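> The structure that follows is given in the form of structure tokens.
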Ligand SMILES: *Cc1c(COP(=O)(O)O)cnc(C)c1O
């Protein structure tokens, strides 16, 4: 037998964390890493946040799980908080980002089908998008590397170039149900949509009675200095998928919708055994307590601007390596002129700095939102040292 007990779908690296300490991870052999990856934008409170740990411990000892057959005081309370904080009127809780997007896709289709428009089932999605790894969410992305081996894909998705408003307009037809888009592409390389694109999609959706569905699984929950990234654009979606940071490390997600958009999501149309269980809701409440306030969001903005300014100065010292910095708040990307993956490995293995590689030769900088001056200084020390002793690998 040569297959590993863990199904070998991840090319796992040699870092084997066993403990977290605020913004650091500690490996099996005791090595400390500065964590500017945050479990890919998940651990927004770092690794040892007392409020989050206490909330999970208390809830685990009180009531861990009950079925959605019963009333849910915990779910009602968190849903109300999300409704108060956002465009949404109603919330469905899931266990992951992909499931949140699945629910969003179903909500958009059901919106039209509830009105008898069965033919309006197609979502227009955008190149280099990432929406998750379920059959529907890989079908929603044009990235062939995620499709290989899993044909047939699900129908009902049409791909248009990201940030191409005219392309989106031209793709609208009698089958169109709406748009599904990340306001800031994450895996695609921290690529923010333009203002014109986001306002334009909103206007097209209004004009043609389409659903504007946002995937804010990565950009949401204070990551960009707003509670959701679409707030930067001054527009509101009809439906939104959120996950990653929302549980601060506890796995859960949610699909948020307006009352109008959710008109098809009636009794019996959707469900999840675990979705919104008391343990997840306790984690979500603790995260909301910490991040859903103007002071915290202002700090994220301030830290993001500070890092960005320093990064822009820093990359000027290495014009052969780095091209530009992009992103908002603490969702930042450094686009490289050379392949970004080997540099990301170099930072990890030689300098104990964890970042995340992404598409478009971009290095993602996704620190916990609770970083302070000490972590920011440590990041620049490691990054500078890493750039100074980096040797660009031979091509091929
Ligand atoms: C991570 C991510 C997903 C998928 O979330 P999972 O929890 O891995 O299922 C979907 N959309 C975006 C934008 C993401 O970054």
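Cβ atoms are placed via backbone N, Cα and C, with glycine included.
So TrEMBL has the following annotated:
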type    : residues                             : note
BINDING : 97, 98, 130, 215, 216, 217, 218, 273 : pyridoxal 5'-phosphate binding site
BINDING : 133, 272                             : N(2)-acetyl-L-ornithine binding site
MOD_RES : 244                                  : N6-(pyridoxal phosphate)lysine
> Need this for a regression test: recorded positions 133, 244, 272, filtered to those with Cα within 10 Å of residue 216 (pyridoxal 5'-phosphate binding site). What's left?
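Within 10 Å Cα-Cα: 244.
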> Looking at the recorded positions listed here (133, 244, 272), whose Cα lies nearest to that of residue 98 (pyridoxal 5'-phosphate binding site)?
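Nearest candidate: 133.
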> Relative to the Cβ of residue 130 (pyridoxal 5'-phosphate binding site), which residues of the same chain, six or more apart in sequence, are found under 8 Å away?
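141, 143, 182, 185, 186, 187, 188 - these are the non-local Cβ neighbours of residue 130 (pyridoxal 5'-phosphate binding site), listed in sequence order.
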> Using the alpha carbons only, what distance in Å do you get between residue 97 (pyridoxal 5'-phosphate binding site) and residue 244 (N6-(pyridoxal phosphate)lysine) once rounded?
7
> Given the binding-site residues 218, 272, 273, which one is most crowded in terms of C-beta atoms within 10 angstroms?
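The residue with the densest Cβ neighbourhood is 218.
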> Far apart in sequence but close in space: which same-chain residues, 6 or more away, have a Cβ under 8 Å from residue 215 (pyridoxal 5'-phosphate binding site)?
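Looking at Cβ-Cβ distances below 8 Å from residue 215 (pyridoxal 5'-phosphate binding site), excluding near sequence neighbours, one finds 101, 104, 129, 131, 180, 181, 182, 240, 241.
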> May I ask which of the recorded positions 133, 244, 272 is closest to residue 217 (pyridoxal 5'-phosphate binding site) if we compare their C-alpha atoms?
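That would be 244, nearest by Cα distance.
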> According to DSSP, does residue 97 (pyridoxal 5'-phosphate binding site) fall in a helix, a strand, or coil?
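It is helical.
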> Within 10 Å of residue 218 (pyridoxal 5'-phosphate binding site), Cα to Cα, which of the recorded positions 133, 244, 272 are there?
244
> Relative to ligand 1, which of the binding-site residues 97, 130, 273 have a Cβ found under 6 Å from one of its atoms?
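97, 130, in sequence order.
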> Taking the residues 97, 98, 130, 215, 216, 217, 218, 273 listed for pyridoxal 5'-phosphate, what is the greatest CA to CA distance in Å, to the nearest whole number?
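Value for the max Cα separation, rounded to a whole number: 25 Å.
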> List every residue in the same chain as residue 133 (N(2)-acetyl-L-ornithine binding site), at least 6 positions away in sequence, whose Cβ is under 8 Å from its Cβ.
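Same-chain residues close to residue 133 (N(2)-acetyl-L-ornithine binding site) (Cβ under 8 Å, separated by 6 or more) are 98, 146.
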> With H, G and I counted as helix, E and B as strand and the rest as coil, say where DSSP puts residue 133 (N(2)-acetyl-L-ornithine binding site).
coil
> Taking the binding-site residues one at a time (98, 217), which has its Cβ surrounded by the most other Cβ atoms within 10 Å?
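Highest number of other Cβ atoms within 10 Å: 217.
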> Relative to the Cβ of residue 244 (N6-(pyridoxal phosphate)lysine), which residues of the same chain, six or more apart in sequence, are found under 8 Å away?
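Those within reach of residue 244 (N6-(pyridoxal phosphate)lysine), by Cβ under 8 Å and sequence separation of 6 or more, are 40, 41, 42, 97, 217, 218, 220, 221, 253.
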